[in-house]
């Protein structure tokens, strides 16, 4: 193999990167081992750092360097280049370990080993790691956050690459060397990391051209109009947040790939809605929206998810291991994006405003879901009955009606529910909690909806009418059940005795006759009842409450049925 030699400039003059660069032909490069190639990259990087730190022009020789950056120096690379009659072998003792090496290149490679050990030592525990990437991975265990900085080692060195010159050099944390991060050589492959203990210098400049740098030091732009949209990708915590779905990323490349799913026309099209994806796996995940398939169930609460990552984040709710904690209230979250959304609740920030009704939202996807109320769009369709929904969660809840799935079970009585909110409301029957108070009469309710229906008793409002007989009702559900009297429909049948009922609640109450179950117990005397309404009526014996008053004579009663019987006596007297 022919000896690869650098170009030799004059003994005294301006030094360029090409003067100290060592070039190999394609055939020569193929003969080098991996270790030799790594050494070559290390030497070239060191030469680049030296030239840059001295302020020398790093472009091609036929380009004119800026006068401010021209400097006359002795050739530093002569110690690395064998000259006629001078042997390259010389004793080079290592100051770190005392090892003596004869070859200057081996000596440089050996010193780099100590340098790596120093750079790859964990500041928290002192542990040495083999590679910078391993160090970054290890540091996550201490700080509990994701971060990503691409290694300068991955940079590709290109012949005669035109490089810009910085007024003052930046310091790359990976190697601790002065390098031009804005140069074409390093700008695309490395990101500058700024820590509290490091002092960063001014932004790079090119003669006759203004340069704009992103505040996060991860990307440089040639115009101010280019940097402003880029900065909007960041949150105040340095996290990339998708404006379409709210998902957050610590790496720009992951964020960019994710956004491609929202915007780019990929080769994988959804047959249901026509949406395109760049990856087949993304299409498969998306199709679960239409099918309602949830492949990853939570063993703690039974809730299912279409993506494994969503399940892992959800499980942190049960374990309480959320690494992202709100400084205002101390609440922890499994994802940084969820913390950011939560913090907007403290600040009151609502960036998304509906032009139709003026309602505001903190999250864009909530705003999009709300807009479907005005547009009538229902993209989520049930495969069983064809019913469509505006939100995915409503489709999942609806499908449980077909499958009979009731994942939320009461530990007190064993009753199961389709929705967690229904379980929470049901548990108040056992605890006696009634958080909703009527301002008119002081009556308490365990559900907000029951309070709203009750308030119509005071206002006299009955907004729901039967289309057959015109009877008015205070809630829509009562109209639906009433209309079955006209149609004769009794869809709920008892499997024990075959008796049919108008409503599912009536069937559930009836089943307690066969099971003997009496879940509602009086705290005063210990008597148990199969129906909640029976317990309420019984309690009036202890409290003395008589809420039903006769308008004719003013007499009061504990039960409405007793009042009706009493009123009939007035009618008989009138006859």
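Using N, Cα and C of the backbone, Cβ positions are placed for all residues, glycine too.
Between the listed ranges 46-68, 92-114, 115-137, Swiss-Prot ties the annotation zinc finger to 92-114. Swiss-Prot lists zinc finger for one of the ranges 217-239, 240-262, namely 240-262. Here the zinc finger (492-514) has long-range neighbours at 481, 484-485, 530-531, meaning same-chain residues at least 6 beyond its ends whose C-beta is under 8 angstroms from one of its own. Within its own chain, the zinc finger (548-570) has Cβ neighbours under 8 Å at 537, 540-541, counting only residues six or more beyond its boundaries. Break the zinc finger (520-542) down by DSSP state and the numbers are 11 helix, 4 strand, 8 coil.
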